[in-house]
């Protein structure tokens, strides 16, 4: 029943053919259950283990590797001689890599919290209903409640369905509905109809929503929605309809996989076709089929060379290291790929309460009356420092600190704050912070009393736990609270009846202390306290006090003001009718105005500078809040989201104003707005959709159940550490300190990670280009294999993998937060950069082939054959006069492949040292700026020597130890790559500078 809030309670009952006293009949319950189903959220069917495993093989790069492993395995089955064992190493290694990758992927999926399932924690197990089959209230399972049921709720209960209130059985009914609406304080409810068909959930004060908690009071309501039809159920449907999108990095790697598969197919086919003329060479026994299979093996080796097998592992490691660095900055990343996405963030949509502000209500101003004579009224105004619940701060008058005990008015004000209060401060020793116990507004008053210390209590020797309530305790020793007249909507105030506890104070008699909305309280005041005197409240004083309250409540401050007053001679408590709340306003009359306090949820001190950094980095910050527009705009101005004098037309919208716009106007509003106030969950999702239509990468914060759909829809969903389990499980990142500054630090880390990722991806790809050039060149020229597949796997996975991972530790550029967000569709490698890494790769390939060729042609320990003989080595036989005096087995020696492998590894280590910076010279950014890289290079070289020297590794990798002379040649061939890359960097710097000059 969508319109329940519009109708009087009696009309709602008639719609369901039910009475508040009798409830539904068994027949009505049966019909309703058949029509609406059980009152529960359906369980989401999870993926089976088999489905999860198959998902891990959807990546194109993984499928290419799987195909290569399959072909290698088939070819290994046909090997003969000593190569039979080693031939199976390659497919085995590839399969082990894929299995490990799949295990990690499935484990992560299995351990990820399910956001939709987490919603079920807000479903109560039991409910209290009135039905005609039994007298009085009966407890039933919450899932059995149906629309039309008469439901009773009381303090501490979780609301079991969406209810339209029909009767409040206590003075007030307050509900904590923060999980649904994001409101930081509990909300007072009533039973009156709300004639507004467009009211948002925050304004539906006659409704109780499923999953929210009763903070105080007792009430009866009629269930108007159950299960998926509740507001909680609608959120579940929104979340279920959100399809997860692949991150920019995943999309780029997919595209890279597609390009790689096409390139591999073309190159492998070309190698095989080019060598058709060699299929029947004597080396293949004259068999055309054996020759075809031989060159097919070379094509497979080429495929293995072209695939950067270590890339997935290196990327995962780099992202994992990034998450650890982010965790140290209070940003806990739940989804690895989102680390890189943070670097693209162009819009941050942030909650106000707790993220941009401290969510710790603080009194920052107060006043008492200094003089109130005929025609004049002068106020003593004070400011109070401190933005948290910590009882630490100064009270100042102007610029001077004051001792509050010197002002009689402040002593009485502190007394009212301490006694007209049901909340307290508590020191959480585990967290090391002061926390509220009770209402935020009242806790702010408790904290104010501690800061004022009107009786000059000695606080030095107290522990933090004792300090939390020391000054309040002193006041409570002087007066005893007898009872409380709860807050009500009609009088907008609450009061306490107190009697003195000390003999010296008994003569003063009992007092009533009142706090509430200034207009309402001052209207009932007949006098005003000036120091210790009581002076009649004249019209001038009344107007001046109200003008000051209006001034504090508007403009740049928008403080929440509370008036504090005393009734010096209240009726005797025996004469008061406490069970009739309509009489409360009569008891709270003839009041004496004491003072006023102004409080706010203060902005976090560090946020303004972070927003300035975002602006410098080209990131737009948008505040989205459930608060009213005036408060939201004021906070935006204080933080620098809006300029002090900036016109808010087209920059700030309420949810209703946003709804009034056409779809095209809404899109435009999302592109220009800085503030959205009084919004509902659906608004957040629409804002994200509109921003995504402009290709903006959006980070969205949230903490309530209501935020989960938008968190799931945004590229980066950011949940608060203090938020609900639903929000956390729908988000990619959780802020352990709920602080906006941590988001900015995470964005900076994301940019640095992407910059480093580009370096190691290009480093790995240039290595693969070198391997492809090497195999392609040997195949075209008809030379013996310089590298075999198992060696290529070793280089791609291990010797290249370590430096590539270490490149993830490169220091970030100093100007990283001075650049605009990069386009998420920007290619990893394009244009000039592609040429640079192609040039390096071609050099690596040529150097590798040159090393193997040098051993055949020039090494004193080699055969010293001619280049012509080398190109025709497949025709070598005892009968061929071209090879007279040459042992044909020399062409199967391990020395040339060892030379080639050593040059490949050494060249790649030089290439890694060159990758500390994309464009800066080694002289400007030397390798020791990244000590991890130096360690990785040393480790890779050590592993290379390991496979050369330690049995049985030389047999597996088909290598052998080299002589000192041979190592000198390896270095001579490898080191020039540094000079080549330095030259390319120089050209790149000139190219970049010219581009900047043109811009």
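Positions of Cβ are set from backbone N, Cα and C atoms, glycine also.
According to the topological domain annotation in Swiss-Prot, residue 48 and residue 189 sit on the same side of the membrane. Matching 339-369, 370-400, 401-431, 432-462 against Swiss-Prot, the residues noted as region 'Interaction with phospholamban 1' span 370-400. Feature transmembrane segment, per Swiss-Prot, maps to range 90-110 of the set 90-110, 111-131, 132-152. When the candidates 657, 664, 908 are compared with the Ca(2+) 2 site entry in Swiss-Prot, which names 768, 771, 799, 800, the shared residue is 908. Among the candidates 703, 737, 813, the one that Swiss-Prot lists alongside 351, 353 as binding Mg(2+) is 703. The stretch that Swiss-Prot tags with transmembrane segment, taken from the ranges 278-295, 296-313, 314-331, 476-493, is 296-313. Per Swiss-Prot, the listed range annotated as transmembrane segment is 49-69 (candidates: 7-27, 28-48, 49-69). Beyond the topological domain 'Extracellular' (778-787), the same-chain residues lying 6 or more positions past its ends with a Cβ under 8 Å from any Cβ of the stretch are 271, 274-275, 278, 295, 298, 301-302, 305, 771, 848-849, 851-853, 856, 870-874, 891-892, 896-897, 900-901, 904. Remote same-chain residues near the region 'Interaction with phospholamban 2' (788-808) are listed as 72, 86, 89-90, 93-94, 97, 300-301, 304-305, 307-310, 313-314, 317-318, 321-322, 753, 756-757, 759-760, 763-764, 767-768, 771, 897, 901, 904-905, 908-909, 912, 915-916, 930, 932-933, 935-937, 939-940, 943-944, 947, 956-959 (criterion: CB distance under 8 Å, separation of at least six residues from the stretch ends). Ranked by the number of CB pairs under 8 Å to the transmembrane segment (931-949), the listed stretches 49-69, 758-777, 898-917 are led by 898-917. Each residue contributes its Cα atom, and for residue 17 (phosphoserine) and residue 25 (phosphoserine) these two points are 10 Å apart. According to DSSP, residue 662 (phosphoserine) is assigned to coil rather than to any helix or strand. According to DSSP, residue 876 (disulfide bond) is assigned to coil rather than to any helix or strand. Per-residue pLDDT, averaged over the topological domain 'Cytoplasmic' (986-999), rounds to 63. Summary: among the recorded positions (351, 703), the fewest other C-beta atoms within 10 A of the C-beta are counted at 351. For residue 353 (Mg(2+) binding site) paired with residue 415 (phosphothreonine), the C-alpha to C-alpha distance reads 29 Å. Here the candidates are the recorded positions 19, 25, 415, 876, and by Cα distance the one nearest residue 703 (Mg(2+) binding site) turns out to be 415.
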